[in-house]
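Per TrEMBL, the features are as follows:
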type: REPEAT; residues: 212-246; note: repeat 'PPR'
type: REPEAT; residues: 247-282; note: repeat 'PPR'
type: REPEAT; residues: 283-317; note: repeat 'PPR'
type: REPEAT; residues: 319-353; note: repeat 'PPR'
type: REPEAT; residues: 354-388; note: repeat 'PPR'
type: REPEAT; residues: 389-423; note: repeat 'PPR'
type: REPEAT; residues: 424-458; note: repeat 'PPR'
type: REPEAT; residues: 459-493; note: repeat 'PPR'
type: REPEAT; residues: 494-528; note: repeat 'PPR'
type: REPEAT; residues: 529-563; note: repeat 'PPR'
type: REPEAT; residues: 564-598; note: repeat 'PPR'
Amino acid sequence: MFYYVDSIWRLYGRREASTDKINTFDGDSGDENSTADRMIRMKLINIFKGTSPSSLLYSKTHFHSNSASNHQSKSDRPPSMYQKIIKLDDALQLFDQMTQRQPLPSVVKFTQLLQAVFKMKQYSHVIHLFKQMVAIAAPLNVVTTNIVIKCCFQMSCTSDGFAVVAYALRRGIVPNVYTFSTLLNGLILVDKVLEAERLSKKLIRGKFCVPNVVMYTTMIKALCKCGNNETAIALVKLMDERGCKPNVVTYSTIIDSLCKDQMVDDALKLFKDMIFHKGIVPSVVTYNSLIRGLCSIGRWDDAIKMLKEMEEDERTSPDVVTFNILVNAFCKEGMVEDATAVMDIMIERERTPDLVTFNSLIDGYCLRGEMDKAKDIFESMRIRGLIPDVVTYSSLLNGYCKSLKINEAMHLFHEIIEKGVKPNVVTYSTMLQGLFRVGRCKDAYKLFREMQARNQIPNALTYGIILEGLCNNQQIDEALSLFRLMGDSKLNSNIYVYTILMDGACKCGKLDIAKNLFNDISGKGLQHDIRSYTVMINGLCREGLVEEAKELFLQMNERGCPPNSATYNVLLQGLLKNKQLDTIETLLREMDGRGFLLDASTFALLLANITPRSADATFLKLIGKLVPKQGMDAPC
């Protein structure tokens, strides 16, 4: 038995903590869209209008009734008194009564009571009751311990979950496949995904149990969260080889991961394989993942086809999530009217819009700067009894900040704190960016200190906003002080941060500082990217050091970082401003060969420096080829 205890702790890598943890459970201690785009969107909306709600509701009900019949023997059993309990006080009172009986009730009854408390999400009480059971030597089985392990992970007490396994082993309760599935899922729940992946591999190699479809699917979930889609697909093939058939949840997990990584074609290929080769019927979840993935990359026609396919399948029909995906996708594209039309159809279909629906609409109007309409949606949401959350308020704050209505934003920010809504990192980042944008650096710094005092740890985005805000307000010294204060933290191990500071230093005329930062990048083990090179070339050109800029430009190809259109435009502008015209034609020909275009600023400088009299027809024709056909408005 000690072999199992040693093995489980060796697998998790916390062997030294096992004794103390076990004792706690042992009782010892306690622009306006084109007509074509518009037609596509109308097609999408008309799909819903073309099918009657009643027929869809019937088909969905019919599908569930068939599913239920497969488990008739279980569902026909009347629930016991332990399973009927829905109030915590009643559960605790019943537990006290059970512990007074002699002999003690069976393990099944204790387990049913723990399960009832678990369903109330009273996880700490489940653990407390379990400790009392241990203290009075109440009967336990593997189902009991599995419930307690789930509670430990729900409370982010990872090591306690493994301690329960070790304690169970001491009592002769050997973990089963559901125990290991619970451990894996728990690790994923607390974002210990790499540990879950390592544990899953060791479980298979060590043959601790024969994995079932639930355990395999949990392993696949861990792999997908790590972005290891290829290994996840390989594991599906291994399942087949070992006689364990993947189900719709298995495939849907990988399809969703592929779509989130924008590998939609691979997801569609797997989807077809699931249906035509494996004979597995897709679920609403499967369709939703694909529709979300297609919308996210602008493949509206394919999204329409997928939606039609979903509508025609008698076993599925769009649910609230499906509608929310479409509402959110339309809003992100600025098509709020179309999103509103989808919500109207949603209501017709008796699918009640939820907080996610309204948050998407509010965000859509805020992105367009239509704050009055956003506030109307906000009021409509509250009238429906929906309570705004931090996402709702963050969208409104973002809208006010983008519209430079910083006083309204600050008023709303203080209002949400008074209402007991806890601002998160996104909320603070939004407010900081808004304050810096209007030049209120002192207020921004004050808010940053408040953020830290409230234990909201700034992420890379927040840190970048602060540095960029200081640089844009000519406070490069303050930005550098903050940078040095952070030392060798993860926030400073980012090429993005260095580029912000280099750009700020160049704009403030402190080229030496920019050069030092540029040289430090390699010393920190970071790789220069196109933006860092482009910023440095621009800084050198600003100071008239065109030869150094040209030399750095040539180094880019040598170091495996070829210049892009922005880099070419920056160098051309530097050459033109410094009246060095000898290499202009060479650069223009390179741009033509690479398919790059001139931006408006570069084109204007060319017109100012090169007249038809000083250039032949071939050169002028070359310039004409590089002018954007949309009106020379491509930004550098």
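Placed from the backbone N, Cα and C atoms, the Cβ positions cover glycine too.
Sequence-remote contacts of a segment are chain residues at least 6 beyond its ends whose Cβ falls under 8 Å from one of its Cβ atoms, and for the repeat 'PPR' (459-493) they are 425, 428-429, 432-433, 435-437, 439, 441, 444, 448, 451, 500-501, 503-505, 507-508, 510, 513, 524-526.
Restricting the average to the repeat 'PPR' (564-598) gives a pLDDT of 91. Long-range Cβ contacts of the repeat 'PPR' (564-598) within its own chain (Cβ-Cβ under 8 Å, at least 6 residues beyond either end) map to 530, 533-534, 537-538, 540-542, 544, 546, 549-550, 553, 556, 605-606, 608-610, 619, 622-623, 625-628, 632, 634, 636. A Cβ distance under 8 Å defines the sequence-distant neighbours of the repeat 'PPR' (424-458), meaning residues of its chain 6+ beyond its ends; these are 390, 393-394, 397-398, 400-402, 404, 406, 409-410, 413, 465-466, 468-470, 472-473, 475, 478, 491. Broken down by DSSP into helix, strand and coil, the repeat 'PPR' (564-598) contains 24 helix, 0 strand, 11 coil. For the repeat 'PPR' (424-458), residue counts in helix, strand and coil come to 26 helix, 0 strand, 9 coil, using DSSP.
Residue counts for the repeat 'PPR' (529-563) under DSSP, helix first, then strand, then coil, are 26 helix, 0 strand, 9 coil.
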